[in-house]
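Features reported for this protein in TrEMBL:
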type: DOMAIN; residues: 78-219; note: domain 'Phosphoribulokinase/uridine kinase'
type: BINDING; residues: G83, S84, V85, A86, V87, G88, K89, S90; note: ATP binding site
Amino acid sequence: MTLLRQTWADLATDGQLTLNTATVERLRGLQDPTDERDVTEVYLPLAQLLNLYRINHDQLYADSYGFLKIAPTRTPFIIGVAGSVAVGKSTSARLLRELLRQSAGHPRVELVTTDGFLYPNSVLEARGILDRKGFPESYDRRALLDFVIAVKSGVAEVTAPVYSHVIYDIVQGERIVVTRPDILIVEGLNVLQPAPAGRGDLAVSDFFDFSVYVDADESDIRDWYVARFMALRDTAFRDPTSFFRSYAELSDEEAVWQAREVWDTINKPNLVENIEPTRDRATAILRKGSDHVISEVRIRRI
Ligand SMILES: Nc1ncnc2c1ncn2[C@@H]1O[C@H](COP(=O)(O)OP(=O)(O)O)[C@@H](O)[C@H]1O
Ligand SMILES: CC(C)(COP(=O)(O)O)[C@@H](O)C(=O)NCCC(=O)O
């Protein structure tokens, strides 16, 4: 079912849960105009719906363990957040993390981005796929799956590798540690992908209890990608350790050309071939207009 933004906003019943301007500004990504109104009108009802799913999930596990006569263990609720490069997934995932943390019982919520599971540049280079970063084959899917299974099974301490956009590679020796959260959010381009056909294997999406796809027209996302590239040229690309230092010297015209080139040869094909086809697998689709603002929400009913 598709709900226009106002109809969706009217579903919210918990006016207590909110985030202040400073928090929203801290959590939103570069060039992302998401504001407090979006939190109240879009993310608050979403967090409430998520909490309904979570309460039922916890009850189902408790009842099943009782039926099977096995010791009850706390099973974390897993949320996937998917969508194109530059669509604003990170903002959505961070806002949900914050809202869920504030909800009843103050659950422990962890957020992991799948870029940590990209193969290091040395491996991508050896396989001749350095220009396919973000495509399914550029990830160590087995390691990502093992990570999610370990968290879902309640392993006390699970670690994940860390990716840096600044050095454009996996950070050697750095890991993030996840210690038995109540909720795990897994955010990334390809998290809704099913397991490769014919292998009888599993995919991380098999472990999601709820999933969100952030959606917009490709031409709009391309414009946001280019605008963000221009903003990065004046900020992050100036960092002496940035892999993209040379981009900081590009003229406006050259920077637009370069950003479009990356979009047209990498991010658009990945969106069209791999990411967009997974959209209808999501429990909720947040649909953005050309102004980057969420205009409607689609909820999968089956
Ligand atoms: N080259 C870069 N340097 C620094 N930060 C970057 C760079 N590219 C992307 N980012 C940041 O990384 C985060 C994830 O970006 P992306 O994968 O495009 O997803 P989304 O825009 O959907 O959140 C964003 O917060 C973005 O601002
Ligand atoms: C790091 C990414 C693959 C996103 O990873 P994710 O966390 O979504 O798995 C992407 O932001 C990226 O940098 N792609 C490479 C092409 C580009 O520079 O836009």
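Note: Cβ is positioned from N, Cα and C throughout, glycine not excepted.
Spatially close to K89 (ATP binding site) yet at least six residues away along the chain are V81, A82, G83, E187, G188, V214, judged by Cβ distances under 8 angstroms. S84 (ATP binding site) has a Cβ environment of 26 other Cβ atoms inside 10 Å. Within the same chain, residues at least six positions away from V87 (ATP binding site) with a Cβ under 8 Å of its Cβ are V214, D215, A216, I221, W224, K288.
In the vicinity of ligand 2, defined as a Cβ distance under 6 Å, the following of the binding-site residues S84, V85, A86, V87, G88 are placed: V85. Following the DSSP three-state reduction, the secondary structure of G83 (ATP binding site) is strand.
Assigned with DSSP, the residues of the domain 'Phosphoribulokinase/uridine kinase' (78-219) fall into helix, strand and coil as follows: 48 helix, 41 strand, 53 coil. The highest number of surrounding Cβ atoms within 10 Å, among the binding-site residues V85, A86, is found at A86. Apart from the site residues G83, S84, V85, A86, V87, G88, K89, S90, the chain places the Cβ of L189, V214, I221 no farther than 8 Å from the centroid of the site's Cβ atoms, the recorded ATP location.
Non-local contacts of S90 (ATP binding site) by the CB criterion (under 8 A, 6+ apart in sequence, same chain) comprise G29, T113, E187.
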